[in-house]
Amino acid sequence: MITNMDPAGAPGGTTERSARPGPGPEAPVPGGRPPATALQAPPRRRRPARTPHTPLNPRPSIPLTLVTGTVLVYTLLPLVWLLVNATKDQAGLFSSSGLWFGEDFHLWDNVSRTLTYDDGAFVRWTLNTLLYVVAGAGGATLLSVLGGYALAVYEFPGRRAVFAVVIGAVAVPGTALAVPTFLMFSSMGLANTPWAVIVPSLVSPFGLYLMWVFTAEAVPAELLEAARIDGAGELRIFFRVALPLLMPGTVTVLLFATVATWNNYFLPLIMIKDPDWYPLTLGLNAWSAQARTAGGEPVFDLIITGSLLTVVPVVVIFLLLQRYWQSGLAAGSVKE
């Protein structure tokens, strides 16, 4: 029933309604669910705060992209040229474009001829290069690891002087020491022998400095002290505790020393006169000089194929040890 009251009897002229009692908007609903009239909006996802210097969607830098592309082309173009021209014979090198394949594919024939030409001289030069790399680069890595560990861990008088000598040796180019080194080895009767290439390759000031810095960052002094308290000797501490931590830096030094010894040209050119002890660099240069000499046999196809074969081992080594090499270069760049 609805009753309308006189406006004079009801203040403000309100109308009073009488209805059945029912659940109001705040009355509980059986089952614990919210009332039907209450609509819940889905929670809004908050966006990360943006700073004026860091846009949400950064655009690629056009100058940086151009520079990176130029460096990439400059780096890969010689390898592409080698790969393309190694598939051509002697006539195809001069009758077709240098950056595209010829009509016939002669790669495997060129490889076979390169390995057997001149009584297998290329194979002999490859073995000589491996000897220089294993003895020279391996020895340089070992000495760098041992010396860098000793300089970083132990305190002794004259340590700063040794540091100054190492830094000075890094700044001196190897070509400046080639002639004095030849005179010294010639006076000892070691010129024109493998020792004239191996012994100078054992000295690596850059490798020593790199392992010095890497050891100071990678090997905690507390860990070495704990090993000494447990009764471990210095040799056992080095091989069982420190050396596993130094593996990334060791691989990095080994890669640098391997590439430097593999591509070494000036030192063997001064020291070695016997073709039987030539490395690959001198051997390919001898073939090139033979092709340019009047009356000499032109073997440009073999020179190009041999150059391609000398690049393959270095690329394979880098790919196999890439993980250790990258971690060695990044070690010490971020401090916790």
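Our numbering is plain: 1 for the first residue shown, then up by one each step along the chain.
Backbone N, Cα and C define each Cβ position, glycine as well.
Those TrEMBL annotations? Automatic predictions, nothing curated.
Taken from TrEMBL as is:
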type	residues	note
COMPBIAS	22-33	compositional bias 'Pro residues'
DOMAIN	126-321	domain 'ABC transmembrane type-1'
REGION	1-60	region 'Disordered'
TRANSMEM	64-84	transmembrane segment
TRANSMEM	130-154	transmembrane segment
TRANSMEM	161-183	transmembrane segment
TRANSMEM	195-216	transmembrane segment
TRANSMEM	237-262	transmembrane segment
TRANSMEM	302-321	transmembrane segment
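A Cβ distance under 8 Å defines the sequence-distant neighbours of the transmembrane segment (161-183), meaning residues of its chain 6+ beyond its ends; these are 151, 191, 196, 200, 205-206, 208-209, 212, 266-267, 270-271.
Highest Cβ pair count under 8 Å relative to the transmembrane segment (195-216), across stretches 64-84, 130-154, 237-262, 302-321: 130-154. Between the transmembrane segment (64-84) and the transmembrane segment (302-321) there are 3 or more Cβ pairs closer than 8 Å, counting only residues 6 or more apart in sequence, so the two stretches are in contact. For the transmembrane segment (130-154), the residues of the chain that approach it from at least six positions outside its boundaries are 162-163, 194, 197-198, 201-204, 207-216, 219, 221, 224, 238, 242-243, 246, 249-250, 253-254, 257-258, 260-262, 264, 279, judged by C-beta separation under 8 angstroms. Beyond the transmembrane segment (302-321), the same-chain residues lying 6 or more positions past its ends with a Cβ under 8 Å from any Cβ of the stretch are 79, 82-83, 85-86, 93, 107, 110-111, 113-114, 117, 122, 251, 254-255, 258-259, 262, 280-281, 283-284, 287-288, 291.
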